[in-house]
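Record features, source TrEMBL:
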type: BINDING; residues: Asp52, Asp54, Ser56, Phe58, Glu63; note: Ca(2+) 1 binding site
type: BINDING; residues: Asp91, Asp93, Asp95, Lys97, Glu102; note: Ca(2+) 2 binding site
type: DOMAIN; residues: 39-74; note: domain 'EF-hand'
type: DOMAIN; residues: 78-109; note: domain 'EF-hand'
Amino acid sequence: MAMNSILNSDDIKKALDAFKAVDSFDHKRFFEMVGLKAKSADDVKKAFHVLDADNSGFIEEEELKFVLKGFATDGRDLTDKETKAFLQAADKDGDGKIGAEEFAALVRE
């Protein structure tokens with residue numbers, strides 16, 4: 001499943017453009033701009049599964065680095081600093097990865 005089957009392509013493009021600059025990524029603004037925050041719990045879960053590239057049931061740090069590419073192939077890679085901040089914001093149980101529930105909670109923030 002592609003992210004543009006869940007979200008509006010124009011919203012995705014605008015959000016990716018807004019965070020093109022290195023170290024500018026802000027997950028709260030990004031999820032709001034792409035429209036994920038307003039989506040149903042089911043759609044948020046679908047988005048999680050798109051980002052969980054290895055289908056492990058978690059988004060690990062390595063997958064987080066490429067999270068913008070999960071929204072569009074021309075999305076940039078997150079920097080190590082952005083990746084760590086994103087992981088820290090979402091990883092409530094401290095296991096070093098983001099589960100579906102943690103992802104949903106982060107989107108709703």
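Cβ coordinates come from backbone N, Cα and C, glycine included.
Unlike curated entries, TrEMBL annotations are predicted automatically.
Since this is a predicted model, take the numbers as computed values, not measurements.
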Lys97 (Ca(2+) 2 binding site) versus Phe58 (Ca(2+) 1 binding site) - Cα distance in angstrom: 6
Mean of the pLDDT scores, which run from 0 to 100, over the domain 'EF-hand' (78-109): 97
Candidate binding-site residues Asp93, Lys97, Glu102, pick with smallest Cα gap to Asp54 (Ca(2+) 1 binding site): Lys97
Nearest-integer angstrom distance between the alpha carbons (Cα) of Glu63 (Ca(2+) 1 binding site) and Asp91 (Ca(2+) 2 binding site): 14
Cβ contacts of Asp91 (Ca(2+) 2 binding site) (under 8 Å, same chain, 6 or more positions away): Lys97, Ile98, Glu102
